[in-house]
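Colleague: Dropping a structure here in structure tokens format, bear with me for questions.
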Amino acid sequence: MGVPRTPSRTVLFERERTGLTYRVPSLLPVPPGPTLLAFVEQRLSPDDSHAHRLVLRRGTLAGGSVRWGALHVLGTAALAEHRSMNPCPVHDAGTGTVFLFFIAVLGHTPEAVQIATGRNAARLCCVASRDAGLSWGSARDLTEEAIGGAVQDWATFAVGPGHGVQLPSGRLLVPAYTYRVDRRECFGKICRTSPHSFAFYSDDHGRTWRCGGLVPNLRSGECQLAAVDGGQAGSFLYCNARSPLGSRVQALSTDEGTSFLPAERVASLPETAWGCQGSIVGFPAPAPNRPRDDSWSVGPGSPLQPPLLGPGVHEPPEEAAVDPRGGQVPGGPFSRLQPRGDGPRQPGPRPGVSGDVGSWTLALPMPFAAPPQSPTWLLYSHPVGRRARLHMGIRLSQSPLDPRSWTEPWVIYEGPSGYSDLASIGPAPEGGLVFACLYESGARTSYDEISFCTFSLREVLENVPASPKPPNLGDKPRGCCWPS
């Protein structure tokens, strides 16, 4: 392998002399074309408490390049006396609707203050577009509908940031996290909180939304999701999350995000000091690399079939899964993945919205051996620096269920870097796929500008180191309150 190539980039948003700053990028391709929607926060200063509103630029693919339109302020994506933060869009292929989720935070209340006091100031909101981002409807406050009374036990919460996903069953998923209040003193003063990733979901094309169970064990925060076909190991919803533990955390769901199995640390994905948001995107492995094993099934008597609308997910059976204690659990393509035969099974907890509901999850055959290469691969973007947010890197996993499978990074930008979002935007001329990355960058700080670049799967394979090399995680775990 020669000297790694650095993709050319386009600066889409740049800090202004007045102090106006653009942060927290989110990228969504909308077919046909696709049209690219680049969302960011517009802030009065780089500080979280000075977030102001959400803005958008639309891009169209033309002749192998992207032509970008002017900046558009999303005036309806707001609640009175609140600041709009954390853009997280998801596209419903069935209706063509884009749902832009965000949180609306009262006044200038910082997240750290909410965590310290145990008093949530955030609302769950979304706006919708049916014309690929040209126009947007009014804001919906979904807090009561999606979270309900459980929000009383949350010090704060947020969505994404980044992008949501849709499964072939039709389920829409929006990644999220909360700081759950684990203990209070008798006079109402907060005693202890813990961060947990989870997902909001809709099974009716976005008409109604519900809250899935929390990742139950390790501290996990800002996260993204991908559907993963693990070959012999089955199909899962994969969650990759920021953590104060010195490395990223991953968790799997067998029921489309209704609940998550216990998480594990990913030593091959080190965090920067205090952590940083990162992005993942799943995609079908190149055809010669797709293993097949007919000894696995999706439901009784049904062989594992190639993906229909995306890798790793299949149409759900009609009947509900049965709890061995006599109840039923929500259906979905992930909830019935079982090996044929009577292999050993280990039951695991399925926390509800508050993490302590007496419910369950279908267990995986444990331990399982992830194949050397799986039918779904993952890309991951995150700053490479350990002490500071420096050098945007791209890593590849050809076996996502194995936390040791990540490559060393291909650095696509040298310099201060921060939050990012990845997307698969179409086929490459030489075969394979083209990906896009929207990321924070700058000459002096990571919030000087928001840059956009594209690269192909072939370029990833040519530029990432050939084999993963787990880093030394000598850093002590950090506290559970992080700067964004």
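Numbers here mean position along the shown chain, with the first residue as 1.
Using the three backbone atoms N, Cα and C, a Cβ is placed for every residue, glycine included.
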Colleague: Given Swiss-Prot annotates Arg43, Tyr177, Tyr179, Glu222, Arg242, Arg389 as substrate-binding, which of Arg23, Arg58, Arg207, Arg404 belongs to that site as well?
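Modeller: Site partner of Arg43, Tyr177, Tyr179, Glu222, Arg242, Arg389 for substrate, according to Swiss-Prot: Arg23.
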Colleague: Per Swiss-Prot, which of 22-25, 74-77, 170-173, 394-397 is motif 'FRIP motif'?
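Modeller: The range carrying the motif 'FRIP motif' annotation in Swiss-Prot is 22-25.
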Colleague: Using a 10 angstroms cut-off on Cβ to Cβ distances, just flag whichever of Tyr177, Tyr419 is the loneliest among these recorded positions.
Modeller: Tyr177
Colleague: The record lists Arg23, Arg43, Tyr177, Tyr179, Glu222, Arg242, Arg389 as binding substrate. What's the largest Cα to Cα distance among them, in Å, rounded to a whole number?
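Modeller: Greatest Cα separation within the listed binding residues comes to 24 Å.
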